Amino acid sequence: MKAYKVAVLAGDGIGPLVMKEALKILTFISQKYNFSFEFNEAKIGGASIDAYGVALSDETLKLCEQSDAILFGSVGGPKWDNLPIDQRPERASLLPLRKHFNLFANLRPCKIYESLTHASPLKNEIIQKGVDILCVRELTGGIYFGKQDLGKESAYDTEIYTKKEIERIAHIAFESARIRKKKVHLIDKANVLASSILWREVVANVVKDYQDINLEYMYVDNAAMQIVKNPSIFDVMLCSNLFGDILSDELAAINGSLGLLSSASLNDKGFGLYEPAGGSAPDIAHLNIANPIAQILSAALMLKYSFKEEQAAQDIENAISLALAQGKMTKDLNAKSYLNTDEMGDCILEILKENNNG
């Protein structure tokens with residue numbers, strides 16, 4: 001029996017609440033597909049500051065090093081806002097983990113469910129064609145990490161990418177497309193940026209190893225427009241750090257709720273950190289109304305990308321789709337009639353059990 005070690009870092013706010021539901025789903029799905037999990041929990045973020053004085057302790061980092069993947073909740077809250085910026089939970093936990101494990105690829109799915117078209121700001125005639133997009137963003141290079149200077153009269157930032165950096169993120173995008181609709185858009189600004197010209201040259205060479213993938217090019221300004229005008233044309237969007245940062249947030253706005261958005265950050269060894277895209281929402285942390293779907297979908301991403309358990313991941317995604325189609329929703333999706341956090345998790349679990357028995 002295959003066994004997977006997972007570092008469980010629930011964090012702050014709603015993190016522990018929604019993490020409980022994700023672990024419940026993972027435990028069942030592992031039994032169905034005959035593999036096992038070893039869940040090792042540790043404090044991170046504000047909870048770690050309160051316990052150890054730092055947002056990421058050496059013990060927690062060591063636990064992560066001994067694991068096959070990290071399932072991350074959320075960190076931060078007003079309680080720690082008085083700390084220096086570089087010591088706050090958000091800055092002092094997640095960013096060091098990304099750097100330590102060289103998590104260079106960020107994957108952000110965006111799917112608009114048929115039962116949730118009312119929650120999207122897009123018109124029905126746009127959504128009805130289907131919206132299911134994966135934004136693949138390079139996370140450790142580009143303009144955020146280049147040389148910069150801020151003077152009194154001028155300032156500059158430098159966008160630098162190497163061939164190797166582009167190649168490895170391109171492989172992630174093409175491999176992802178293979179288990180989706182086999183289409184990749186490279187998002188760039190090759191009409192004015194030298195770095196974008198290099199991206200096109202390198203990606204055009206990498207795609208030769210993926211004859212089954214359809215590669216297209218699109219300028220980033222046009223891509224920003226097409227996301228709201230004709231999003232169904234996209235499958236996988238391959239982006240540099242800056243462009244991916246902007247477009248992934250635009251994608252987050254069109255699906256209707258942060259409670260549905262999952263995220264994966266990967267290195268070249270298949271190790272990943274999986275987390276909801278939303279925040280810790282401390283204002284509702286003790287109300288049992290947080291949407292656990294983003295955390296559960298993050299767990300499904302872990303199954304898919306770190307453990308290659310694609311069918312198990314698909315089962316979870318299908319169960320979520322069915323639950324939503326049945327009108328089972330949390331308060332962020334339907335304020336008039338809603339399930340609590342644990343009830344939503346139970347609903348998804350019951351659908352998985354019914355399909356298993358069927």
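A Cβ is built for glycine as well, from the same backbone N, Cα and C atoms used for every other residue.
Keep in mind the model is a prediction, meaning the values are calculated, not measured.
The NAD(+) binding site annotation in Swiss-Prot covers 77-90, 279-291. Annotated substrate binding site per Swiss-Prot: ARG98, ARG108, ARG137, ASP221, in sequence order. Per Swiss-Prot, the feature Mg(2+) binding site maps to ASP221, ASP245, ASP249. Residues or ranges marked as site 'Important for catalysis' in Swiss-Prot (evidence: sequence analysis): TYR144, LYS189.
Of all the recorded positions in the list ASP81, ARG137, TYR144, ALA281, the shortest Cα-Cα distance to ASP245 (Mg(2+) binding site) is found for ARG137. Counted over every protein chain shown, other Cβ atoms within 10 Å are most numerous around ILE289 among the binding-site residues ILE85, ILE289.
The distance from the Cα of ALA281 (NAD(+) binding site) to the Cα of ASP221 (substrate binding site) comes to 32 Å. A helical conformation is recorded for ILE85 (NAD(+) binding site) in the three-state DSSP classification.
Under the three-state DSSP scheme, ARG137 (substrate binding site) falls in the strand class.
Among the recorded positions listed here, namely ILE85, TYR144, ASP249, ILE289, ASP249 has its C-alpha nearest to that of ARG108 (substrate binding site). In sequence order, VAL220, ALA224, LEU242, PHE243, GLY244, ILE246, LEU247, SER248, GLU250 are the residues of the same chain, not among ASP221, ASP245, ASP249, whose CB sits within 8 A of the CB centroid for the Mg(2+) site. ARG108 (substrate binding site) falls within a strand segment according to DSSP.
Checking each of the recorded positions ARG137, TYR144, LYS189, ASP221 against ALA285 (NAD(+) binding site) by C-alpha distance, the shortest gap belongs to ARG137. Between LYS189 (site 'Important for catalysis') and ASP221 (substrate binding site), the C-alpha separation comes to 8 Å. Counting Cβ atoms from all protein chains shown, PRO89 (NAD(+) binding site) has 27 others lying within 10 Å of its own Cβ. Binding-site extent for substrate: residues ARG98, ARG108, ARG137, ASP221, maximum pairwise Cα distance 28 Å (rounded to the nearest whole number).
ASP221 (substrate binding site) falls within a helix when secondary structure is assigned with DSSP.
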